[in-house]
Amino acid sequence: MTNIRKTHPLIKIINHSFIDLPAPSNISSWWNFGSLLGLCLMIQIITGLFLAMHYTSDTTTAFSSVTHICRDVNYGWLIRYMHANGASMFFICLFIHIGRGMYYGSYTFMETWNIGVILLFAIMATAFMGYVLPWGQMSFWGATVITNLLSAIPYIGTTLVEWIWGGFSVDKATLTRFFAFHFILPFIIAALVIVHLLFLHETGSNNPTGLNSNADKIPFHPYYTIKDLLGVFMLILFLMTLVLFFPDMLGDPDNYTPANPLNTPPHIKPEWYFLFAYAILRSIPNKLGGVLALILSILILAFLPFLHTSKQRSLMFRPITQVLYWMLVANLLILTWIGGQPVEHPFIIIGQLASISYFSIILILMPISGIIEDKLLKWSL
């Protein structure tokens, strides 16, 4: 009798995706973050569902409904902080996952990579709208500042902003629609994840060398299921340490003050995972220019396959580009720091220099170093 795992129409799909999947024998721990992102998404959907049972998307009751969840609902505080800090874990895993793809040249899987870029935009949109829901000061002013950026679009800008707001300011209509979108988007993300995996399994996983690994494959289960399980335990340990000991470490104290349209907080800033993009936005004095730079700072990932000049896929054996890569990582950390600082000297100039170097490294220096390395190896024509 043949195994049901290999014959049942539904179980067969799971088998080919997570059990009998041929995987390269040499993929390192940097490949663990895909499964961790899946876990983060599941945590967010489950905790979010329970929060939605008690939350009310009305300007008069939103803030107090979140307070009610934390004070009166059984383990409501735990669910709320797991959801809030789960988003931070999601973005940590996301940045490492993208960084891994950039380092080892995974962007040459064009379809998988482009779906990934779309996923990044969708996750960022979801996180932004989720931050608005508690209706604290930073929620309100963050929503006002970021949605207002769309008014920089010529001709249709103002109309577009008022259409998104559902009025002439961020108000009840805005909160209600943000809640609706925040609820539906994770399910769209889950569908996109399936497409992401579908395209990935067409080609198979990349590996640290960037070379074809068809000659040396091992089954996903038990080798990588056990390896992923270690990552899962470490993620849960890190998340629960954050939730149970430092729940507000990554949040903003201003969000414990109910939203007040008549009182602007001294420093409006988004959550930490958006600070790098926020710093790039602020470093350009022109409004439209800032918005374009903001979008391009993420969209630039979609251009990586076209900026690849080397005959080698991975950076494993490319020391010059390796140095540039880690300069880019350091640069992003500087941008994240600057995004949280007030707009004054010396932060303005540091932010502008970091923004210039961010685009320069990706668009100019890395493609040039790829050509130089090929020449040094006498591989160029």
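Each residue, glycine too, has its Cβ placed from N, Cα and C.
Look at Swiss-Prot and you will find HIS83, HIS182 tagged as heme b b562 binding site. According to Swiss-Prot, the feature heme b b566 binding site maps to HIS97, HIS196, an assignment based on similarity to another entry. Taken from Swiss-Prot, the feature ubiquinone binding site covers HIS201. The transmembrane segment feature in Swiss-Prot is assigned to 33-53, 77-98, 113-133, 178-198, 226-246, 288-308, 320-340, 347-367; the stated evidence is similarity to another entry.
Taking the C-alpha positions, the distance from HIS97 (heme b b566 binding site) to HIS182 (heme b b562 binding site) comes to 23 Å.
Distance between Cα atoms for HIS201 (ubiquinone binding site) and HIS182 (heme b b562 binding site): 29 Å, as a whole number. Distance from the CA of HIS196 (heme b b566 binding site) to the CA of HIS182 (heme b b562 binding site) is 21 Å. For HIS83 (heme b b562 binding site) paired with HIS196 (heme b b566 binding site), the C-alpha to C-alpha distance reads 24 Å.
Just so you know, the Cβ of HIS182 (heme b b562 binding site) picks up 21 other Cβ atoms within 10 Å once every protein chain is counted. Here the transmembrane segment (33-53) has Cβ contacts under 8 Å with residues 69, 79-80, 82-83, 86-87, 89-90, 93-94, 96-97, 100, 182-183, 186-187, 189-190, 193, 228, 231-232, 235, 239 of the same chain, all six or more residues outside its ends. Ranked by Cβ pairs under 8 Å to the transmembrane segment (347-367), the stretches 113-133, 226-246, 288-308 are led by 288-308.
Packing around HIS97 (heme b b566 binding site) is summarised by its Cβ count: 20 other Cβ atoms lie within 10 angstroms of its Cβ, all protein chains included.
Sparsest Cβ environment among the binding-site residues HIS83, HIS196, HIS201 (other Cβ atoms counted within 10 Å): HIS201.
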